[in-house]
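Peer 1: The structure is given below, and queries will be raised subsequently.
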Amino acid sequence: MTDLKVAIAGAGGRMGAANIRAVTATPGLVVHSAFDRPGSPAIGRDAGEVAGIERLGVVIVDDAEAALAGAEAIIDFTVPAVSVLLAERAASLGLVHIIGTTGCSRDEDWAIQKAGSAGARIVKTGNFSLGVNMLAGLVRQVARALPGYDVEILEMHHNKKVDAPSGTALMLGQAAAAGRGVDFDASAVRGRDGHTGPRVPGTIGFAALRGGNVIGDHTVIFAGETERIEITHRAESRAMFAAGAMQAALWAKDQPAGFYDMADVLGVKEQD
Ligand code: NAD
């Protein structure tokens, strides 16, 4: 079987570099092309060189359309507006589209899901790591088993991160809401400042810290009257996000067009 030809979106970014290394190291996948935004310092450079590995003979371009020609899959950790446009192109070209981008609005998420029903094979998740996806299952179970406990989610990331709360924190909040059988958007308290009054029972609170080089720490706290459970995940390397994205690409190539998440890829999807 021939290797799946992958176009790397945002090739000059932190995750872009991790994805170039991961594609190169994964049997069954090959870097077909790489692109970034016009003006990015990565444009014109070799993708392998930018990722700190051997030269791949793939020059990073600023023309997404040219990069998609002949590609079979897109690995995309960029920004929401770009992921929406790429999902629409993936639908018309029938491509696998692996999306790690976080911070999408409800409308952007909806447009991406629509691309799944229009012909793309999309896997999108706020976190591609095995550990966080296991943690989400655990959070769902604990939230269901301990309905009276207050749920608070604390996250910390590096000082370049632009969205808050993180995609992973939101994903963990959604897992807690699913465990409780409540609507996530109606329960989420995404920040507190000033005279906020006492905590509203049943809400799911978020706090976001930013600093240094932290790749991603998440703690879900279940606070009861007489005890507190804290479940923590710490990302030690971007390589595990990239490894999950590779696993998703290899899985998605054999699926019908649709919109999937990492629980589908890992076979741990729970029904609501
Ligand atoms: P980054 O800023 O280092 O990289 C983003 C890249 O996208 C940059 O190189 C930027 O130039 C590029 N880009 C912007 N506009 C573009 C365009 N029009 N065309 C092509 N490329 C364009 O950020 P990062 O740390 O690599 O994170 C990227 C995204 O991935 C963020 O949303 C982050 O939260 C998310 N992320 C997700 C996971 C996960 O597991 N789902 C893990 C880590 C990061």
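Just so it is clear, glycine is given a Cβ too, placed from its N, Cα and C backbone atoms.
Okay, these came from TrEMBL:
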- Lys161: active site, proton donor (ACT_SITE)
- Gly10, Ala11, Gly12, Gly13, Arg14, Met15, Asp36, Gly100, Thr101, Thr102, Thr125, Gly126, Asn127, Phe128: NAD(+) binding site (BINDING)
- Arg37: NADP(+) binding site (BINDING)
- His158, Gly167, Thr168: (S)-2,3,4,5-tetrahydrodipicolinate binding site (BINDING)
- 5-128: domain 'Dihydrodipicolinate reductase N-terminal' (DOMAIN)
- 131-266: domain 'Dihydrodipicolinate reductase C-terminal' (DOMAIN)
Peer 1: Give the residue counts of the domain 'Dihydrodipicolinate reductase N-terminal' (5-128) per reduced DSSP state, in the order helix, strand, coil.
Peer 2: 47 helix, 28 strand, 49 coil
Peer 1: Taking the Cα atoms as reference points, how far is Thr125 (NAD(+) binding site) from Arg37 (NADP(+) binding site) in Å?
Peer 2: 23
Peer 1: Rounded to the nearest angstrom, how far is the Cα of Gly167 ((S)-2,3,4,5-tetrahydrodipicolinate binding site) from the Cα of Arg14 (NAD(+) binding site)?
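Peer 2: Just about 16 Å between their Cα atoms.
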Peer 1: Cα within 10 Å of Asn127 (NAD(+) binding site): which of the recorded positions Arg37, His158, Lys161, Thr168 qualify?
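Peer 2: Within 10 Å Cα-Cα: Thr168.
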Peer 1: Just the binding-site residues from Gly10, Gly12, Thr168 whose C-beta lies under 6 Å from any atom of ligand 1, please, or none if there are none.
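Peer 2: Result: Gly10, Gly12.
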Peer 1: Give me the CA-CA distance between Thr101 (NAD(+) binding site) and Thr168 ((S)-2,3,4,5-tetrahydrodipicolinate binding site), in Å, as a whole number.
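Peer 2: Per the Cα atoms, Thr101 (NAD(+) binding site) and Thr168 ((S)-2,3,4,5-tetrahydrodipicolinate binding site) stand 11 Å apart.
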Peer 1: Using Cβ atoms only, which residues of the same chain lie under 8 Å from Gly12 (NAD(+) binding site) while being at least 6 residues apart in sequence?
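Peer 2: Sequence-distant Cβ neighbours: Asp36, Ser40, Pro41, Ala42, Ile43, Val50, Ile60.
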Peer 1: According to DSSP, does Lys161 (active site, proton donor) fall in a helix, a strand, or coil?
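Peer 2: Looking at the DSSP assignment, Lys161 (active site, proton donor) belongs to neither helix nor strand, so coil.
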Peer 1: Average pLDDT across the domain 'Dihydrodipicolinate reductase C-terminal' (131-266)?
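Peer 2: Averaged over the domain 'Dihydrodipicolinate reductase C-terminal' (131-266), the predicted model reaches a pLDDT of 97.
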Peer 1: Using DSSP, break the domain 'Dihydrodipicolinate reductase C-terminal' (131-266) down into helix, strand and coil residues and give each count.
Peer 2: 52 helix, 34 strand, 50 coil
